[in-house]
């Protein structure tokens, strides 16, 4: 290809620049000559005097060439085509323009969008980009600022405001690949071509009234249309007949204008006395006299992929219309109509016009709402056609799966398995908020109890079923055992039951009370991938879709009387019902289907060409919500009221105990684990048996390694080695502050002395051990020699001791007084990577984990009486125990069974394990499948009590 030398000598200084001062006085181009210079203009712009060019174009041919849009100016004589600078034009087909606003519009059948920009390419924006399949024709009503288009994929004609708002379907019946469309705002009519099985040209009012076929014979592929407003004629090009014809607006007096040497005419436009057209085969733009067809000229040639064409000018006729006064009295869209009507009011897609003929209802009453991974859409059941409308949520959706609706408040709930959130918004798209943002993996099912004001969900990643208030508060794990990929969930809240599908290794359909009790497997045979689930309370039946057996089945609510409703279905996923029908989404056919809920007959396609379909719900906002006792004063419960078949039960958020009155809950768990996994801190209550983790909402976590807790002030302390800081916060996430912000490198260990109000930490990057007050003041280096990778650290306040592990070149465990004095190596043999460290204040023993030797060991406080507690363990990192401090009020004989366990995090198994610290037996997995596990501690009133030795008081 080309090559150039880059060197200052290639462009020597000197010489006179005749354009050097004020660009020669030229408004645009200054072109130096031998003795003088010339002012010139960009392509197509005319000169208004010797120095200045026109600021805009008055008249130009606008044409599409698939991957670009060009213009030929009629303000100058050179007739050169010029590319309009637009971005991401992939397959432009149809064009139109709005002179008053200065916009050009185009459709793109690759991106399935309608776009616009100023005539010079500025202010480019997408106008419509949803629910389009092949937008082939486009027309601007420049009088009322409306945009009309045809869609050959959906077989519809639609209209919206010029900015794309208030979109509605005008015509949806008896269309077969509609192509071009033109409008006559002066007469109130629109015209379009249709080149399906029975090609035709039709006329209707611009409000879709008075529709008639005006031409239906001797047509093959009717393409472009053009209106001559002066002579009241309609022109069309037929690529099959290879002709350009015209006739009156009613189709009468039809005549062939050009009937020879037209290989494949496509776009068509008129201006003054001439007709202009594009031709695919000759790759040219031509023109001829509009009355005779004579005087034929080629304006441009050798142009590949020519599509639509229009003459942009600034002299369009304007007329007064009924829509100009108070929007015609319409609440939403005012559309022009034939002279007998003048105008009519219509509503955005899916919304009905009220009896006054002017006002639209406030929203859809009966509708389908479904997830499509990156958006949520609605299909109104109030109107006679099925058109999907995108929920206008101004937030990105990455992988939306499950859908739930609260008809009482008019809110939609959804899960996103990529963002790992459950969110909600009003059905009109406003008031978006995330209600569950932690502790989720793959939330496949959602169900809303609109009466009891609860949301239930399944999570295939955590294998749990949970419940919370509709704002996400008071979250509780209901079922966590014997679940293997729970998917859909459905509620029969009047009876107090919930149902769910499970498509794990042993697929099944289960039921329990809505508080998780009375669990029962209903169906477990002949199931493959049971997906969607719906309850027909009126017909007392349960319905489900199985993507493996390719069936939609039904059974009684107790699982008996099983029967097949629809078979085969390709790959059903979501399932719902409303009235006499069931609806389901199908992955393979990319469609929404409908059938009779009793017989499975009369299957129809509601919407097609919808990739990424997921869950679906049918909603009738006029239908009574039903009743359960939790809907009245929360059933008398302090926290959660959950329906049961024989009444209600009160429940507490995960990890919190219900009090003896069976109605109220403790404020928080008494004894619990806190652990970090780099980007989060979580809690596991030891007061309850479920051992499920709850996220502690501490903000701005990047790489949390070490934790400790101060029970006096109720604050969590932690190190973040990405930010190189030590911070503290309340367990509700408030009050976060940085206490050490400088001079840290890799702070692997942290210990709070709750007696003297100091904190100690190890820094593996700087090989130091330091101390400071809990607020970060009075900082002091205690140990800075003979350290090589210090890791965990622990304090024994009543003995005045500090212990730490070092997994450097010579691994060891050391001890010193809390002021750093009397340092002593306790153990330096038979060690690999000593990581976590914890102390038993009762038995006066040190416990540590060794990730190289794969074991947990202990010794006395002097490093003697060394014992292996358990071996092998995979890759232990941190460990903890209750470490109670005895007192006359709590003798050790009365301590709970919680004291017998020692807990640790394991990198290889990605789990939290525990074992009896006295015997090394009864090993259990407390929590599995947690990436990035780091530190772990126990918080308990028994953990931090007693007096210390007071050795270091800075």
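From the backbone N, Cα and C atoms, a Cβ is placed for every residue, glycine too.
According to TrEMBL, the features are:
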type: DOMAIN; residues: 18-54; note: domain 'EGF-like'
type: REPEAT; residues: 102-144; note: repeat 'LDL-receptor class B'
type: REPEAT; residues: 145-187; note: repeat 'LDL-receptor class B'
type: REPEAT; residues: 188-231; note: repeat 'LDL-receptor class B'
type: REPEAT; residues: 232-274; note: repeat 'LDL-receptor class B'
type: DOMAIN; residues: 322-361; note: domain 'EGF-like'
type: REPEAT; residues: 410-452; note: repeat 'LDL-receptor class B'
type: REPEAT; residues: 453-495; note: repeat 'LDL-receptor class B'
type: REPEAT; residues: 496-539; note: repeat 'LDL-receptor class B'
type: REPEAT; residues: 540-581; note: repeat 'LDL-receptor class B'
type: DOMAIN; residues: 629-666; note: domain 'EGF-like'
type: REPEAT; residues: 714-756; note: repeat 'LDL-receptor class B'
type: REPEAT; residues: 757-799; note: repeat 'LDL-receptor class B'
type: REPEAT; residues: 800-843; note: repeat 'LDL-receptor class B'
type: REPEAT; residues: 844-885; note: repeat 'LDL-receptor class B'
Ranked first among 188-231, 496-539, 540-581, 800-843 for CB pairs under 8 angstroms with the repeat 'LDL-receptor class B' (102-144): 188-231
Ranked first among 188-231, 540-581, 757-799, 800-843 for CB pairs under 8 angstroms with the repeat 'LDL-receptor class B' (453-495): 540-581
Average pLDDT across the repeat 'LDL-receptor class B' (188-231), rounded to a whole number: 97
Within-chain partners of the repeat 'LDL-receptor class B' (757-799) [C-beta distance under 8 Å, separation at least 6 from its ends]: 706, 708, 710, 712-713, 715, 717, 719, 726, 728, 738-740, 743-751, 805-810, 816, 818-820, 823, 834-839, 841, 846, 848, 861, 878, 885, 946-949, 952, 954
